[in-house]
Amino acid sequence: MAAPCAEDPSLERHFKGHRDAVTCVDFSLNTKHLASGSMDSCLMVWHMKPQSRAYRFTGHKDAVTSVNFSPSGHLLASGSRDKTVRLWVPNVKGESTVFRAHTATVRSVHFCSDGQSLVTASDDKTVKVWSTHRQKFLFSLSQHINWVRCAKFSPDGLLIVSASDDKTVKLWDKTSRECVHSYCEHGGFVTYVDFHPSGTCIAAAGMDNTVKLWDVRTHRLLQHYQLHSAAVNALSFHPSGNYLVTASSDSTLKIVDLLEGRLLYTLHGHQGPATTVAFSRTGEYFASGGSDEQVMVWKSNFDVDDGDAAKGQRPRAALASSSRNLPDVDFRLPGRARSQESAQSVPPPREPASSPQALTSTLEHIVGQLDVLTQTVCILEQRLTLTEDKLKQCLENQRLIMQRVTP
């Protein structure tokens, strides 16, 4: 088996300019520019060419929480705690248009692959879709019952995935505006979510220190990683689909081989929580940001030749079939060298030499029962939350009545 990297990932560039924690990073399509947002309310656009000047864009009145280049690279979207979204022309003038997108902090902005739509997520518990060029509101998705941390379009633009503090990941059909499925396996707030480049699965990061991957067609849990010792704040797929990089409050970045379901590298660089990470569109680089106010650019050094490019198509089938004959449970990979981190994963299945039909049928039945149990728990959790909200409202109403009665 060929080594995944010609050499270890290496720190390529180091940008300093923000005056507070870096919250988000994104590369332009041609990888000539890198945008970053910060708690200092500023947006920086860095030139990847050495000795080039950076642009500092000001306009937001509070922390910048998310940045995303349009597919063409002619626009840059940003979301902020000031409840607005800005669309910038990323040049020296730094011109922008602004619109009040939500009634609370905007946590996430993401362009559709055709550049015509923008999806935003907010602490007001909604996901909203906008027309990019007219900044016209199109529709809202409103089934989350807590802050929505992240929302992304699928590569084909037909689906939307969202992650929330209600501990769920929701998959939406953009055309019907219906929630297709709710993934309820996270044990804490879900901080980040994104689609695999093939569009056939999603990965979500959580405050429970885990990363989970699901098939968007069968909705089954494919892989489960317990790599970090603190919350996972962000993740990004390599364009080949073979690798995933994560950023955590334990100050590390980790790179996972998705085909083998194992940890490849742990990268130390940030002094304090690593808050964001993103691969470039070519996969040659990835950038990270942290609470140490620094933006770091790393060279991937992945040895992606024609054979690996072909291999990159495998996750579509391999990941999608990884739960075909196995119940969705977590187990350590057999035969792997134990590192200080544990990688829990459901790897692509290897057909047994002689698998009894009865055993296969029994396991498939268990998987079905687990799916039903998961959905039941999810529904009960939502009902409990609604009941708690109603109880709080009743107590508040009783308090107000007592105040009026008491002379």
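Including glycine, each Cβ sits where the backbone N, Cα and C put it.
Tertiary neighbourhood of the repeat 'WD' (15-56): same-chain residues 62-69, 71-73, 76, 78, 80, 82, 88, 90-92, 94, 273, 275-282, 284-285, 287-297, selected by CB-CB distance under 8 Å and a gap of 6+ residues from either end. Positions annotated as repeat 'WD' by TrEMBL: 15-56 (among others).
In the predicted structure, the repeat 'WD' (57-88) carries a mean pLDDT of 96. Per TrEMBL, repeat 'WD' is recorded for 57-88 (among others).
Residue counts for the repeat 'WD' (99-140) under DSSP, split into helix (H, G, I), strand (E, B) and coil, are 0 helix, 24 strand, 18 coil. Annotation source TrEMBL lists repeat 'WD' at 99-140 (among others).
According to TrEMBL, the feature repeat 'WD' maps to 141-182 (among others). Beyond the repeat 'WD' (141-182), the same-chain residues lying 6 or more positions past its ends with a Cβ under 8 Å from any Cβ of the stretch are 104-105, 107-108, 110-114, 117, 119-123, 125-129, 188-195, 197-199, 202, 204-205, 214, 216, 219, 378, 381-382, 385-386.
Summarising the annotation, TrEMBL assigns repeat 'WD' to 183-224 (among others).
What TrEMBL lists as repeat 'WD' is 225-266 (among others).
Within the same chain, residues 9-31, 34, 36, 38, 44, 46, 48, 230, 233-240, 245-255 sit at least 6 positions outside the repeat 'WD' (267-299) and bring their C-beta atoms closer than 8 Å to a C-beta of that stretch. The repeat 'WD' annotation in TrEMBL covers 267-299 (among others).
According to TrEMBL, the region 'Disordered' annotation covers 336-357.
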Candidates 57-88, 183-224, 225-266; stretch with most C-beta pairs under 8 Å toward the repeat 'WD' (99-140): 57-88
